[in-house]
Structures are given as C-alpha cells and as structure tokens.
C-alpha cells in the first residue's frame, strides 16, 4: 500500500490543509508520498519533506503548474498514478477542481470531502449540507479522495526530512490558460485555519459596519467570516463565506453576529468547538447550536464585547 | 453556439432532511423536490448567452426517474429549447453521470456544457470535472462570471483566496457558483409553452454505460448532535463564561 498526497500551497508556503491530508493518508496505511507541483516552490517541497509520516516528496516545477490548473495537474498526476493505491488532496477549491479529472481518467469514483477514514476502503463523508453522514465502501482499485481539512489533525514535523526527488513537468495544455488573479489581502489569519472566527450576517446592515467585527478580530487574532446573505448583499468579498458552498471552518471559538443560522451556513461551522451567537431575534435557529447565546442588538453588544475582552488583557 | 445544460432533481434546499431509522439513507418520501440551485444558475446563464446572441440553442438534460421530467420542464419554462431525459430509477454516481453525458455530448455536439458546481444532496462537486476529463475538454469550475472574448471564453472563478480568471477555447465545460447570476422565475405563459417543447426519452443502455455504483453505501447516520447551550444575560457574563468556563479566551 502506497498513498500519494497532492500538496496544497501558494508556491511559497505549504498549506496547513496538506498536513490534514497527510494525517488521513497515514490512517489509510502504507508509505505516504507527497507531490508538490508548482513554480519556484522549492521551499514548499522542503517543508513537505519535514511533515511527520512523509517518506518521499516529488517536486515538479514548471510554469503551467504555477496555479495548479486542472488540465496540467491531470497530466502530471496520471504519470505517477500507476504506483499508488490511493491519491489524496485537501478539499480546497484547488483540490476540488483537479481531483475529479484524475478520478475520471483512472475510471474510479471520487470520494469527496471525507471526514473520517474507517479503513483503507471505507470512509465517512457528509451529505445534504452536513445533515447526514454517509459511510461508503469503495470497490475501485485505486481510491481518489479529497479530504475535509477541518476534521483531521494537522500532522506535525518529523526529526529527519524525507528525500525530495525532482520530476519532469508536462507541457502546458493549450486549451486553457491562467489570465489573472484578484486575491483578498488581509493581515488576519486565514479563515479555514484560524483558532477564532467572528462572522457577520445580514444583520450587519452594510459593509462599513463590518469594521466593528474587524476591531474585535484584530484584538483576538481572529479571522472574519460571513454568511451568504452578507456576501450577496456586497458587504464583504465572496471568499469570506462560511457554509455548504463557501468554506468549512472548525475553530476553537466561532462567534456568529447577526446570522440567523440557515442550514447552509450551519454546514460550514457546526463542528466548531464553542459557538457563540449574538442576535436580537431570540427565535433565530442559530441559538439551537450555540453554546452561548446573547439576545441583544449587535451594535450595542459587539462594541461592549470589544471593551470586555480589553479588560481581560486583549 | 449550442449549449447543453445538465440539471438534477434534488430535495428542496429549505427542507431539513431526516435520516431513516434503519440507516439505509435519507427519508425522501413526501419531501418537496426542486431543481438543484446550482443547476438553475446554469440554465439561467445558458439562456442569457442565447439572449445575448452568443448561443443559438439550449438543450436541458436530466438523468433520473420519471419525475425528473418535471425538472426538465422547469428548464424549458425558463427558456431552454428542448430536453433530453435519460430514464432510470437507479442512483447514478457522478462518474456514471459523466459517462452518460459524454454519450449525449457525442450525439449532440454542443460547444459548451454548463453544469452546477455541486448537487446539494450528495455534495460531490465532481460531475463537471469528470465530464471535462472524459471529453478531453478544458474546464472552468466555480464560475462567477463568463465573458466571450474573441475566440476565447474568459471565466472568473471563485477560489479560496479570492477570484481567478482563466481563458479557454471551446468546446469547454463550465460549472456555476452561486454568484454567477440570479435565476429568473418561469412565468405562467412560459410554463404553458414549455409543455409543448419536445423531450426525448432515452435510457443509460442507449449510451452503453454501466451505471453500477462504485461506492457501496454501508450506512447513513445522523451527524453528532450539539447539546443545547445556554443564554447569557450580558456581554460581561458572555466574556466571563468564554474565559473561565469554556477556556477559549
């Protein structure tokens, strides 16, 4: 049994979600190899070699791999696939984009967004926006799997680094090309891996009001998230969205402010360790999952919260 | 340009589903069903491309039981020109759906296939990518904007850090994200008109596709329940509990 994990990264740093995928790979068993595909991503390959449980790293460096476009990744991974019993990638937008292409080419059914590894053939994954958990047994010879990063521990570092082997990258696929990117800039921690997340919904009223959440976030070193309603209303960019169709987060503390708690939002945050809801509607469904609920006007409560955490040293 | 739009009939997004006591699945008896929201966005986008003179014909296709015909009628009422219904009572996994759709593409030769990015029942997010792979076509997934630029389609994609734009030649595959457009409601006259639009019926056998599932469902269970929490009276009490009781501050 040998398992290949495809690393998630931005060519500079190894994504934390890769460490979660390595943990899932270790549970499947056998040797764990990691593929780092990118451009000038040598530092990432070195970081991947240090991750606990990794036996070998393949490093492919080429222009077409810079953005891990699906067409280029398909060719690269298929070239390695013969040697592996399972191929895993984190269920980030990048992994979700290229993995099903690889599965189809290998004629196997992808197992998407697994939350648990039962054995080398049996996995648990959420369906219906997380309202049911499905245990599936795969009859395919090779398993192609995307891993929900929030439900697996992040593998730490090991004492001695694994070897890094450079491999050839495929030619660029002519049919598609990268044009441009528009990334949200923030000094706050990344939403998917933050220990504390404070999210706003339609109740925030407008985009400027998000500043009161940002001030709290800056004090707590938290990430700021949002419900779909807040994103659709244009209060914040779409990559803030937490939910079935946005990001799935599971921080230590999730603070939902002015969010009613629709099924689709709960799908993205109900595995948080402690959930706090601040809402003036005491009937809001968010209170059914909140560990601590405060029925109050958020425009009074959030500034007061900022003041109170100041008193305990934030 | 001819556009093919696959649509799926799923549990309505507002329904809180219940797991069956025997753990064999989710109880779908007497539950409201609708077109998958991402598929609606795909239909809307195809119709807008037609209205803007970019496409001549929009064909809606669905795979499923007799009732899936209602979903195709909905797409026709929104403005699709005709439908194809591949009738089967089996559960068809994304890989098999992609293989059947490849058969449909081979027969219909569309220039573009627009799918939803995921179905809100199985949450796989795989069919569009699999179809692109089987056809050897380029793909732009999670699209929030589609523009024609010369011979190229420029598609803005929603990615984890923000937005990314890719250019691709046709034929190609696009999967839709929520922010691509706001789907229209079908008017009553259009619903009546849709009843006269043609729907071809076919079976998976017509495409020589084995639809046997690769994933055996051992059981479907309730997710762990969160225990009921407490309501606090003041912000000071909240911060105190977070610090001293929960230990997260």
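Numbering starts at 1 and runs along the chain as displayed.
Here the Cβ of each residue, glycine as well, is placed from N, Cα and C on the backbone.
TrEMBL annotations: computationally assigned, not manually curated.
Database features, via TrEMBL:
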- A:3-182: domain 'Electron transfer flavoprotein alpha/beta-subunit N-terminal' (DOMAIN)
- A:202, A:227-228, A:241-245, A:258-265, A:279: FAD binding site (BINDING)
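Structural mapping of features recorded in TrEMBL.
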| residue | record | Cβ contacts under 8 Å, 6 or more apart |
| --- | --- | --- |
| A:202 | FAD binding site | A:227, A:229, A:230, A:233, A:258, A:259, A:260 |
| A:241 | FAD binding site | A:225, A:226, A:227, A:228, A:231, A:247, A:268 |
| A:244 | FAD binding site | A:129, A:130, A:263, A:264, A:267, A:268 |
| A:262 | FAD binding site | A:227, A:228, A:285 |
| A:265 | FAD binding site | A:201, A:227, A:228, A:242, A:243, A:259 |
Near chain B - the binding-site residues A:241, A:259, A:265, filtered by Cβ distance under 8 Å: none
Assigned element (helix, strand, coil) containing residue A:244 (FAD binding site), judged by DSSP: coil
Packing count at residue A:259 (FAD binding site) (other Cβ atoms within 10 Å of its Cβ): 30
